[in-house]
Every structure is written in C-alpha cells, then in structure tokens.
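Note sheet for the following structure.
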Ligand code: SF4
C-alpha cells in the first residue's frame, strides 16, 4: 500500500505561501546556476596540486623538489603559512618562495562563540572579497567542522538564506582545505571550549561535514581534490574518509561519479520531501532529478561503497512534517532494500512568524515513530549553533558582515 495524504486534518503550507516565487530560466524551468562566475579566482596554492605537481612547482620556483614535503609538514601538520616559522628553509628568498606556494587564502572577518565556547562560527573573506562561513563544534569524543564549498549557492532552495543570495563563485580546493587548517590552529591554541571537560584528546578536527554554504557536488572537481588532501596520510591532513560527510540536494550524475571515486566518505542526501509535488517546490533541483532518481542513486552509492547513506530531512511545520509523508518515505526506502540507510530529521531553526518554522514536538515525535515503525533507523539531528545563525540553511553574509569585511585588511 502506498501512503497518500490523509483526510486533511493538518494544514498544508507551501513555499509560495509567503509570496515566494520560483525564478525561471529561458525554457521555463526553475532557475539553477551550475556554472561558476570566473571573477575573483584565488591564486594557486599547494593544496590545489597533486603531490607530483607540488614538486614540479617547487622546482619551477628554483628550489629542490624535497622542499615540497617540508611545506606540506608546515601547512598540514603545524597549520602555518608564515615564512618566519619555517627556519628549516634557506633564509634567502624564503618569503617569496613560501608566498608562491602557500599564498594566504582566508582572512578572518568575524568570530562568534557560543555553547559555552564549544561552538565557533567563523566568517572568512576570500580572495576577491567573497564571504563564506564555517562552524567548528566540539562534541564528546569528536570535533566537527562544517565547511563551505561555494561562496553562495546556485540551487535556489526557498528555505535557505544562502540559496536566496545566489552563487558568487566556486571555492578552490585549497580554500576549502584552508578552513580545516585554520580550525586546527584555533583548536591547538586552546580557543575551542574546555578540552578537558569531555576528556577529548585528539586536538584536531576529526569530522568534516560539507553542509556550510554551497552545493558541494556542483563544485565537484575542487571538492574532490579537497577531500583527497583531507584523507592523504603522507601529503595531506591524514583524516579518516569515514569522518567526512558530503551532502547534496540530489545532483544525480554527480552522486554516481562519487560512488566510483573509491573514497569511502559518508554520503548524505538532503531529501526534505518524499513526494515530487512538494519537493519540486522546496528543492528546485528536483525539476531535473526526481525523488525516485535521487533515491536510486543513493542506493547505488551504498551498493558500490558499502557505506550506509544518510537522508537529511528538515522538519518544517505543516510543510513536510505530516505523518503520511513519514510513511511514504519509509515505503520508498524499504522498496530499495533494508539496512542501507538511516534518516536524520532536523528540526528547522525557528523563524518566528514565517512559514519556515520548526515542527511541533508532537509532530517530530510522530514522524520519527512512523519511520521507526517501518524499520528505518532514525535519529533527530542536533542543530548546534542555531543561536549564532550557524546551522545549515542559515549561513549567509549579512550587511553588517559585508561592512566588517570591507573594514578588514586581507591577511598576508
Ligand atoms: S539548501 Fe543547500 S543546496 Fe539549497 S540553496 Fe541552500 S546551500 Fe544551496
């Protein structure tokens, strides 16, 4: 039996309720921006290059190839791009050499700290002036960094502040990695909460979630280069691929490509609605790839990698939190097999007085209960950082941020 809308005892709110209208392209399809404007591209950095290319570039700059490994150690292990700290390099020409290989990429504009110091939101200015954010969170036994992969986003999801601001440009691989390097330095300097409170010892970022600004799979090549650097034990950050989560709103061809990469990252599909009727409105990319196609690709990811897939589902009051939708989601997941998926409902960060507001506790509980009745493992996801606008779908530079960025000189 297929779940269908119940007798309408519950209201159905839609994105357009508050006057939101879908922008359309020349063919009348929802407007999506896949191509990145070329402006403001950053200089090439060591983290953009493969280990062989790094040796080549070092040689071009007139140094012996083994200097590349020294720079890797300074940058990935010690988190520094400061020539003064690199006393193992010859003093003559050191500054130009280091600057040529490790140009500064991120300027810190603002830092907000909450959860008794255990959560920090950073606002970074990129080359060319674009602004992005990352959120660093200490949990018992792990430290997670939510990174941005694009400045802005071209996917135009109506509930997402980032999407409404459009795509400024793709981030380079090195800009993505630099968020981790900088976060590691902040942790090493003892600025993230109290490390002893949870007995946490590995004082580095242990988990990455690509859930900041941007649709990671729309910036595929650079995101994958960044992931390769994150997991490279010899020439990079040496992180575990399993601790890295790549999420997407459902770019199906890119999901298939990701399945074939042979890097066992955790894959998350931001579904938010199990029926095309609603998802077409909530996630404009659904006009290109429908719910069933996205779920088929997610199932293939599991088959090829053996990694259990996460389905992210922002619970929005009277929009997508109806019991029949939980049943429909359970049925669609079970139709593709058992044990391959779990669901993370995320109570949306409340926007008082808006249609985009959090489900009631009762609706959340009922949604979870119904999914569990279908045998689907379900965990309500923590929305840490919501009091500093740092939870997913809330990362967007405000006017005050823009002003602060203008007043902040670029780091050298
Ligand atoms: S929800 Fe994600 S994909 Fe959609 S507009 Fe926001 S950042 Fe982009």
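Including glycine, each Cβ sits where the backbone N, Cα and C put it.
Feature annotation from TrEMBL assigns active site, proton acceptor to 133.
As annotated by TrEMBL, active site, S-methylcysteine intermediate applies to 392.
Sequence annotations record features per position, and here TrEMBL assigns [4Fe-4S] cluster binding site to 153, 157, 160. DSSP assigns residue 160 ([4Fe-4S] cluster binding site) to coil in the three-state reduction, outside any helix or strand.
Under the three-state DSSP scheme, residue 247 (S-adenosyl-L-methionine binding site) falls in the strand class. Residues within less than 8 Å, Cβ to Cβ, of residue 247 (S-adenosyl-L-methionine binding site) and separated from it by at least 6 positions along the same chain comprise 209, 210, 211, 216, 267, 268, 269, 270, 310, 312. Taken from TrEMBL, the feature S-adenosyl-L-methionine binding site covers 214, 215, 247, 270, 271, 272, 349.
Residues or ranges marked as compositional bias 'Polar residues' in TrEMBL: 1-14.
According to TrEMBL, the feature compositional bias 'Basic and acidic residues' maps to 15-28. With DSSP states grouped into helix (H, G, I), strand (E, B) and coil, the compositional bias 'Basic and acidic residues' (15-28) comes out at 4 helix, 1 strand, 9 coil.
In this structure, 157, 215 are the recorded positions from 133, 157, 215 whose C-beta falls under 6 Å of some atom of ligand 1. Counted over every protein chain shown, other Cβ atoms within 10 Å are most numerous around 153 among the binding-site residues 153, 160. For the pair formed by residue 214 (S-adenosyl-L-methionine binding site) and residue 153 ([4Fe-4S] cluster binding site), distance between Cα atoms is given as 5 Å, rounded to the nearest Å. Each residue contributes its Cα atom, and for residue 271 (S-adenosyl-L-methionine binding site) and residue 153 ([4Fe-4S] cluster binding site) those atoms are 17 Å apart.
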